[in-house]
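Positions annotated as active site by Swiss-Prot: Asp68. Per Swiss-Prot, ATP binding site is recorded for Lys39, Gly40, Gly43, Lys44, Thr45, Thr46, Glu245, Asn272, Pro313, Leu315, and the stated evidence type is similarity to another entry. Taken from Swiss-Prot, the feature Zn(2+) binding site covers Cys283, Cys286.
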Amino acid sequence: MAAPADDEFEDAPDVEPLEPTLSNVIDQRSLRWIFVGGKGGVGKTTCSCSLAVQLSRVRESVLIISTDPAHNISDAFDQKFSKVPTKVRGYDNLFAMEIDPSLGVAELPDEIFEEDNMLSMGKKMMQEAMSAFPGIDEAMSYAEVMRLVKGMNFSVVVFDTAPTGHTLRLLNFPTIVERGLGRLMQIKNQISPFISQMCNMLGLGDMNADQLASKLEETLPVIRSVSEQFKDPEQTTFICVCIAEFLSLYETERLIQELAKCSIDTHNIIVNQLVFPEPEKPCRMCEARHKIQSKYLDQMEDLYEDFHIAKLPLLPHEVRGAENVNTFSKLLLEPYKPPSGK
């Protein structure tokens with residue numbers, strides 16, 4: 001007689017936990033796009049800059065892009081960056097740039113349009129067209145960045161993303177752009193009288209409606225190519241950064257579910273700012289914090305047993321400047337060893 005079903009699992013081996021580092025990401029040479037994101041204030045920028053540093057040691061050329069309007073990578077490396085890729089001091093193959101995708105037609109100053117009623121009407125019509133698809137101006141900004149970056153042939157691009165909502169729009173930008181361009185193509189004849197003046201004002205030269213439509217259509221193949229790459233786990237992955245607190249854990253779960261809907265690969269989580277009490281220096285607050293964090297860490301390890309979960313410590317100092325980022329980056333590859341317990 002067959003053994004009871006429960007007995008079948010008694011001798012089943014425990015699932016080995018995955019390595020608690022980002023070595024799998026560093027070693028995956030096929031990756032071209034790596035996104036680092038999560039809730040605000042969890043240390044995404046420090047982690048993304050550290051990841052870029054480690055990648056620069058094994059790849060020919062690495063670009064880190066900040067899509068967060070706060071532009072913290074300038075603070076992290078203690079070096080001013082712009083919307084043009086700039087070499088990070090101390091590195092030969094690591095570049096950084098900062099963009100603000102939220103700037104679009106709606107952000108153009110009204111003073112430019114005040115002297116010409118035709119231009120003023122044109123701006124309003126373009127804004128109306130953009131509003132038909134929320135996020136199209138932001139998505140077009142992403143599209144232009146992707147077009148430029150693809151032409152630069154970096155080995156891998158790391159995105160230091162804005163908080164979760166912006167990040168999801170970034171990942172969905174190919175769909176938004178396709179819909180938005182379709183809408184703009186439908187109304188191109190309506191806005192034709194204004195296009196030439198608008199293009200001259202924006203420094204795009206003399207251009208009629210058909211020429212503009214042609215340029216927009218040229219963008220679509222790049223958008224579709226990037227969209228396909230984003231959904232290819234061999235080329236794209238997303239690293240979630242969080243802290244061991246309820247709200248951050250909740251946000252991480254929501255983010256992972258949304259990534260799954262977008263068919264974006266994710267199998268790495270960084271739990272940052274962990275407190276490890278020192279036996280020689282008793283601290284009631286540290287002990288209490290450690291207890292709370294341990295509870296959520298246990299939940300994460302149960303919930304994400306098929307993820308690489310890297311655990312990084314809360315440091316007594318800011319991680320700022322290339323040297324400090326370089327030191328911190330080693331924690332991505334070597335599990336942190338807290339002070340020995342009592």
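Backbone N, Cα and C atoms are what each Cβ position is placed from, and that goes for glycine too.
Here the features listed in Swiss-Prot are painted onto the structure.
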residue : record              : contacts (Cβ under 8 Å, 6+ apart)
Gly43   : ATP binding site    : Val241, Ile243, Ile270, Asn272, Gln273, Leu312
Thr45   : ATP binding site    : Ser66, Asp68, Asn72, Ile73, Asp75, Ala76, Asp160
Glu245  : ATP binding site    : Ile292, Gln293, Tyr296
Cys283  : Zn(2+) binding site : Pro277
Cys286  : Zn(2+) binding site : Val275, Pro277, Glu278
Pro313  : ATP binding site    : Gln273, Leu274, Val275, Phe276, Leu331, Tyr336, Pro338
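Here the recorded positions are Lys39, Asp68, and the one ringed by the most other CB atoms within 10 angstroms is Asp68. Per the record's binding annotation for ATP, residues Lys39, Gly40, Gly43, Lys44, Thr45, Thr46, Glu245, Asn272, Pro313, Leu315 show a top Cα-Cα distance of 19 Å.
Asp68 (active site) falls within neither a helix nor a strand when secondary structure is assigned with DSSP, and so counts as coil. Look at Glu245 (ATP binding site): DSSP puts it in coil.
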